[in-house]
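Record features (Swiss-Prot):
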REPEAT    13-100  repeat 'Solcar 1'
TRANSMEM  13-33  transmembrane segment
TRANSMEM  71-91  transmembrane segment
REPEAT    108-202  repeat 'Solcar 2'
TRANSMEM  110-130  transmembrane segment
TRANSMEM  176-196  transmembrane segment
REPEAT    216-328  repeat 'Solcar 3'
TRANSMEM  218-238  transmembrane segment
TRANSMEM  301-321  transmembrane segment
């Protein structure tokens, strides 16, 4: 070990391995958990219907009415296209920032983990936010010409959605809810990595070795995801509402124009969604305030059950795959020093 370099940094994997393991691990976990993410999105955005109350009820309703691919796995294409490069960029940025802070600055280890998580997600957000907009809208829509749920979106395909949004709403639409997304994901990632690193250290002390095994990795990853998910649920609800709104300058109701309400009912719809006429230039602060006024504290935690289940499960799977791929590199004797 070189003098002055913390043991954690000296034994760290190569950045190229972090890039590969992060991309594969993140995308695989996101794919496996996508159906639950669809359930969470429907619950958060379906304002004026009780159709999707309850995680199990919502899951079974979508499955029975719309099927797997066009229902529970709607929006999976933009998710994968965004997830692979985004998680690869996230893990590599996180590792670089963490090592740089720990090697060059006299900062507490806890703060290094937290700040590195913030930076990693900030870099990754440039890639995943546009895909998140597409994914969220397609999840809310479900199948094309969906007779079971009216979301005010009806894209024939993933490519059709890209073309229609770009033509009718402009390219800036792909970054709708960007501020809300990074305000949700930057703290989420920071807390997730902080919790994971600290819990992993506890597990390493308990078992007396660096490799804590798959079971402990599942537990530490799950707890890290659950804790971070709980703290950021209101921001996740606001992000979903912002990305599924249809912006318009048309006059709607006096309540909406006065800023008292931010979601309008479409009386012709059999079931209503958040994709309704709204006041232009609505921000995350306005959405959170409107949610609290109209739905109370429970409105801020709408979709809490599936979100916590998703963040804990996705986090555990992601870290298991990530650590497993890193171990494969080590076992194959290809670990290199940067």
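Yeah, the Cβs are placed from backbone N, Cα and C, and that goes for glycine too.
Sequence-distant contacts of the transmembrane segment (301-321), counting only residues of its own chain at least 6 positions beyond either end whose CB sits under 8 Å from a CB of the stretch, comprise 21, 24-26, 28-30, 32-33, 36-37, 39-41, 43-44, 55, 58, 87, 188, 192, 196, 214, 217-226, 228-230, 233-234, 236-237, 240, 291, 295.
Across the repeat 'Solcar 1' (13-100), the model assigns an average pLDDT of 90. Away from its own ends, the transmembrane segment (218-238) comes close to residues 44, 180, 183-185, 187-193, 195-196, 199-200, 203, 212, 284, 287-288, 291, 299-304, 307-308, 310-320 of its chain (Cβ-Cβ under 8 Å, at least six residues beyond either end).
Residues in the repeat 'Solcar 1' (13-100) partition by DSSP class (helix H, G, I; strand E, B; coil) as 72 helix, 0 strand, 16 coil. Taking H, G and I as helix, E and B as strand and the rest as coil, DSSP gives the repeat 'Solcar 2' (108-202) the counts 74 helix, 0 strand, 21 coil.
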